[in-house]
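J.: The structure that follows is given in the form of structure tokens.
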């Protein structure tokens with residue numbers, strides 16, 4: 001019961017977040033300036049740990065507000081300058097445009113995606129084969145498109161499946177409006193199946209998310225840092241693929257085998273199949289969609305298919321920056337499907353903009369890492385080692401740092417340091433290329449360990465589907481652990497053997 005104005009202020013602070021969480025954030029805000037006065041370096045590492053804490057507690061409170069408060073304080077006390085934050089943001093404008101426009105573009109293709117993936121889900125009975133297909137498709141698409149785009153597609157499909165079942169489990173029909181975030185209306189006899197369905201969707205999403213990393217490491221356009229490294233080394237699409245293949249292909253195969261093993265053994269939270277009642281509801285939904293298919297609805301699906309084809313070709317050929325291609329998708333899909341009202345278009349941006357804001361906060365933390373030189377000691381240590389062991393150590397160092405920070409930032413820092421060493425004549429071209437391979441694979445493969453390692457994983461953690469299927473930070477780390485060990489371990493072995 002709020003009886004005083006201070007109590008009202010405290011109650012409003014971070015809303016419905018637990019009291020202990022509010023107190024923890026207040027404590028962070030109080031101690032950070034003190035630690036910064038004692039040691040800016042230690043304060044920088046403390047800030048990173050605090051930010052990771054806000055990500056880990058994403059289901060308690062969306063990380064934008066607590067993380068944003070920490071970032072604002074970091075600017076105010078001088079841990080990072082506003083200009084550095086701006087530089088980090090402007091340097092990642094491509095990613096921001098991607099999030100704003102591409103994710104919204106996918107929203108306007110959700111009818112087609114739900115139509116296609118419903119058929120796939122209902123036609124494949126084996127969970128292991130279905131999981132393998134999701135992982136493989138995500139890997140192939142990520143090799144030519146973008147991991148965030150692929151993740152957005154998978155999330156859109158999962159939300160579609162979940163909302164259809166949740167609506168029926170709550171006693172409503174397919175055409176009714178429904179809040180699928182509220183479990184109060186779910187009938188008692190559906191609750192056990194709902195939990196199993198959540199586990200089913202969690203495993204599919206994690207297989208697909210890891211698949212984006214397995215495919216993303218292979219090609220020049222797979223991840224933002226790949227393009228950066230290719231530009232530094234002067235590699236084209238084919239040469240980049242050939243350089244990475246001795247490491248990326250064995251890891252891809254091992255990752256797909258791991259997918260099947262996890263489903264068969266039911267380890268690490270995998271293995272739950274789709275409940276029979278859920279399958280029946282999705283089958284009924286599919287039949288209902290067929291019956292109400294009009295020429296106008298059919299024309300929309302055809303339009304979305306054509307737009308999807310344009311999207312794939314434009315991304316594969318890199319005809320423009322990804323975000324601008326996303327804006328093109330929005331314009332084409334809405335214009336030819338008759339979506340012309342502002343509030344209809346606005347719904348598409350609801351999913352992406354909170355995460356885009358969070359990513360800008362993340363860039364502020366990356367700016368702290370940059371200004372306080374938090375990674376410099378590790379970089380200098382690795383560069384000071386014997387040349388024969390440097391590739392393996394670069395792989396490990398990049399992997400560990402990418403678990404903490406953004407892998408694009410880590411790759412940028414390392415490749416620039418290595419390029420400086422090459423330009424200064426400290427290393428030859430062959431060693432420069434070997435280290436570039438180690439940096440690329442190191443930032444792409446072990447970084448699946450934590451959601452903050454890869455933007456696609458962070459996007460999944462903070463997306464609308466995560467709280468619905470109870471996918472927390474800790475759950476993601478646990479479910480990614482076997483993949484981390486396989487991909488990181490085999491990647492290191494292949495680096496040592498082949499380079």
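Heads up, the Cβ atoms here are built off N, Cα and C, so glycines get one too.
Owing to the predicted nature of the structure, the values given are computational and were not obtained by experimental measurement.
Marked as transmembrane segment by Swiss-Prot: 33-53, 66-86, 89-109, 128-148, 237-257, 305-325, 326-346, 349-369, 393-413, 449-469, 477-497.
Mind mapping these onto the model and telling me what they sit next to?
T.: Tertiary neighbourhood of the transmembrane segment (237-257): same-chain residues 132, 135-136, 139, 210-211, 214-215, 217-221, 226, 230, 433, 436-437, 440-441, 445, 483, 486-487, 490-491, 494-495, 498, selected by CB-CB distance under 8 Å and a gap of 6+ residues from either end.
Non-local neighbours of the transmembrane segment (305-325) in the same chain are 94, 96-102, 105, 109, 112, 144-146, 149, 221, 332-333, 336; each lies 6+ residues outside the stretch with a CB under 8 Å from one of its CB atoms.
Same-chain residues lying 6 or more positions outside the transmembrane segment (326-346) and placing a CB less than 8 Å from one of its CB atoms are 97-98, 100-106, 108-109, 149, 300, 303-304, 307, 310-311, 314, 320.
Same-chain residues lying 6+ beyond the ends of the transmembrane segment (349-369) with a Cβ under 8 Å from its Cβ atoms: 44, 47-48, 51, 62-64, 67-68, 70-71, 74-75, 79-81, 84-85, 87-89, 92, 95-96, 99-100, 103-104, 107, 375, 405-406, 409, 452, 455, 458-459, 462-464.
Sequence-remote contacts of a segment are chain residues at least 6 beyond its ends whose Cβ falls under 8 Å from one of its Cβ atoms, and for the transmembrane segment (477-497) they are 202-203, 206, 210, 213-214, 246-247, 250-251, 254-255, 258, 262, 267-270, 391-392, 395-396, 399, 437-438, 441-442, 445-446, 448-451, 457.
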J.: Mark yes when the transmembrane segment (128-148) and the transmembrane segment (449-469) have three or more Cβ pairs under 8 Å (sequence separation 6 or more) and no when they do not.
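T.: Counting Cβ pairs under 8 Å, at least 3, so yes.
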